[in-house]
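J.: Can you keep this structure in mind? I'll have questions shortly.
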Amino acid sequence: MASTPPHCSITASTKSYKNHQYPKNHFKNHQNNHRNHPLPRKFSLSNPLPSPCNAAKHTATAASASTVRAPLSQVSTPFPSLDPDFSGRRSTRFVSKMHLGRPKTSINTRHTSIAEEVLQLALHNALAGLESILVSFESKLSGSDDYTFLLRELGNRSEYEKAIKCFNFAVRRETRRTEQGKLATAMISILGRLGKVELARGIFHTALNEGYGKTVYAFSALISAFGRSGYCDEALKVFDSMKNYGLKPNLVIYNAVIDACGKGGLEFKRVVEIFDEMLRSGVQPDRITFNSLLAVCSRGGLWEAARNLFSEMVDRGIDRDIFTYNTFLDAVCKGGQMDLAFEIMAEMPAKNIFPNVITYSTMVDGYAKAGRFDDALNLFNEMKFLGIGLDRVSYNTLLSIYAKLGRFEEALDICREMEDSGMRRDVVTYNALLGGYGKQGKYDEVRALFDEMKAQKVSPNLLTYSTMIDVYSKGGLYDEAMDVFREFKWAGLKADVVLYSALIDALCKNGLVESAVSLLDEMTKEGIRPNVVTYNSIIDAFGRSATSEHAFDAGGIPESQADSSSSLVIKQCIHGKAVDREDNRIVKIFGQLAAEKGGQAKKDCGGKREILCILGIFQRMHELEIRPNVVTFSAILNACSRCDSFEDASMLLEELRLFDNQVYGVAYGLLMGYRENVWIQAQSLFDEVKLMDSSTASAFYNALTDMLWHFGQKRGAQLVVLEGKRRQVWDNVWSNSCLDLHLMSSGAARAMVHSWLLNIHSTVFEGHELPKLLR
């Protein structure tokens, strides 16, 4: 089942690089091929868009009536080489996301040549020998400047234990509190960058207790450290604790905490509350503040909020840089608004800001996710024409497109070109190839790639295992999926929403819907928030399935009781034992799937019970504020087309009304019979659907037509399929002598045949000759 971004509902809104000459007006030829972007609904801060994140709330004082609310309210050494955490990520993409011009939490210092000599000795000697090296050079080292250099360079090579030892040595010998504070800030920043947040916390508390850590820079460094690792709750605690030490947050602190909240997944509404508190405190935002706010929007695809922020920067007279544009574009692309994204990119040269490899990679990825692969490949050709070199992200994006298209020779050519450029295949490369081969059913290639990946010392990550389990499950290779899951647990990884969603989808596609619901409950109990894709799988299964599962021993339920009530299965999950039992249950799920593959019969399920299950799923989505997308609407319409009575379908359509009134208006209006005002509304809806990828759009047309045909509204069904034909939803579906129905659902195919035969009748009636062969 195709998917769209979680916030891409049908109708609801949910470094300076100038190393190439950029031809003026080079977008003009492109612009003629793009549609004008429809104006969205007005965005209001008082009703911010919901976020997919469930983070702890940060308490902020309510704004007073008089408050004016914002509209949105290195020196290197030749050896050893840098650690992969630094060398591998310092691509143009990494550098473009650095906050240029940001006040530093650690002071850039001038170091002496002695410090470089000490660094080489430290790198080539064991930890135990570092103390004697520092003692022997103590009189020659130039205070905190040299020590800060040593800390930074050791950190760059992940030699954090040596860095800590060097820090302790320097702090003991430094008598000035301000210099000790600088060293502490540098050490906290380095540990935070390496993900060693507990060590960073320890340095911070030691500095506080010994009297040299009570500075806004030390607090800012710890907030950033927590933010980098996604611990926004801890970052907020540090932020709140500043008041206990008599420190007033300044611009550096607010920027750090907003950035940390964005990286930690705090919902946009809470981040805006912090921004409002900042304004009430008299601290004026700068470009870094807005760039961090845009990054929050980017993570959630909140493109309207991002556009308001982007405009507010102009109102405040704040310059927008390449990072601003790239982050804004990322939010717009993730929101599925590709035509708007193209317009934004086209205006950049006029602002003397030139698209770089990050800009193009973001746009290409957006086009690829929208299924507009030709546009994506055209942009890659433009990059070559402009002489913009590809980075690792660009190569992986291009490779992923070819893999999705099943053009594996070209995908492997990209791999070779990437390796010729000095970039080895990484986990992202392998994940793209695994997913591509899997969608084409090339399971031998999937196995070979997975083995090659491990042989090349590329460690599979959570997405790798999720992809493998999803591929094998969809291919019916449940024993292989079980083996991958066992390897995943042996690797010590924790399941996330992607893995759970893959398992739930596999259960649903095999009719084991009650087990899918029980796994959904367990997923929530484990603190993993389901997303719209998770719920779409279950809704679609309820809509398509007329059967329930055979006895399934997930929690020791006797076979005779398995079909008595879904609540018993759910109850067993809720009261089950923690992780070990969860793992055992998932292994049993694969065993059950393998058994079902052997052809065991399934028991019939009552229609009313199925309807009640779907309504329960809708209720959960409302409670979690999960915004449905076009796939959700298609699944609901599919469920309606399988209802035995119009009464049951009306219950489902009522839920559709609560999700999206326009989709409900079109579906219900066409069910009630064709009216001109309904068809005008339908045209607007179809305009929005056309922006989706082709498989998602065709699925929606199929679902709507099926429902209309099922309830006898043949004229409405014919209008919908003819509109789909006119908008080229199905490629090459109709010619005078041929009708291609292989991408159509049953109802859509019957409506199309009916329309085609009527067209042939008209042709004969008008006296025209028919083709000699109709097929």
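Just so you know, glycine gets a Cβ as well, placed from its N, Cα and C.
What TrEMBL records for 1-83 is region 'Disordered'. Among the features that TrEMBL reports, compositional bias 'Basic residues' is placed at 17-40. Look at TrEMBL and you will find 55-67 tagged as compositional bias 'Low complexity'. Annotation source TrEMBL lists repeat 'PPR' at 215-249, 250-285, 286-320, 321-355, 356-390, 391-425, 426-460, 461-495, 496-530. What TrEMBL lists as domain 'Smr' is 739-775.
Mind mapping these onto the model and telling me what they sit next to?
T.: Sequence-distant contacts of the repeat 'PPR' (215-249), counting only residues of its own chain at least 6 positions beyond either end whose CB sits under 8 Å from a CB of the stretch, comprise 55-56, 58, 105-106, 181-182, 184-185, 188-189, 191-193, 195, 197, 200-201, 204, 207-208, 256-257, 259-266, 278, 281, 283.
In terms of DSSP helix, strand and coil, the repeat 'PPR' (250-285) has 26 helix, 0 strand, 10 coil.
Secondary structure of the repeat 'PPR' (391-425) per DSSP, as helix, strand and coil residue counts: 26 helix, 0 strand, 9 coil.
The average per-residue pLDDT of the prediction over the repeat 'PPR' (426-460) is 89, rounded to a whole number.
Residue counts of the repeat 'PPR' (461-495) by helix, strand and coil are 26 helix, 0 strand, 9 coil (DSSP-based).
Within its own chain, the domain 'Smr' (739-775) is flanked in space by residues 641, 698, 701-703, 705-710, 714, 717-718, 720-722, 724-725, 730-733, which lie at least six positions past its ends and keep a Cβ under 8 Å from the stretch.
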J.: What else in the chain is close to the repeat 'PPR' (461-495), if you only count residues 6 or more beyond its ends and a Cβ gap under 8 Å?
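T.: Same-chain contacts beyond the ends: 427, 430-431, 434-435, 437-439, 441, 443, 446-447, 450, 453, 502-503, 505-506, 509, 526, 528, 583, 586-587, 590-591, 593-594, 597.
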J.: Reported in the order helix, strand, coil, what are the DSSP residue counts of the repeat 'PPR' (496-530)?
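T.: Taking each residue of the repeat 'PPR' (496-530) in turn, the totals are 26 helix, 0 strand, 9 coil.
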J.: For the repeat 'PPR' (426-460), give the DSSP counts of helix residues, strand residues and coil residues.
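T.: The repeat 'PPR' (426-460) comes out at 26 helix, 0 strand, 9 coil.
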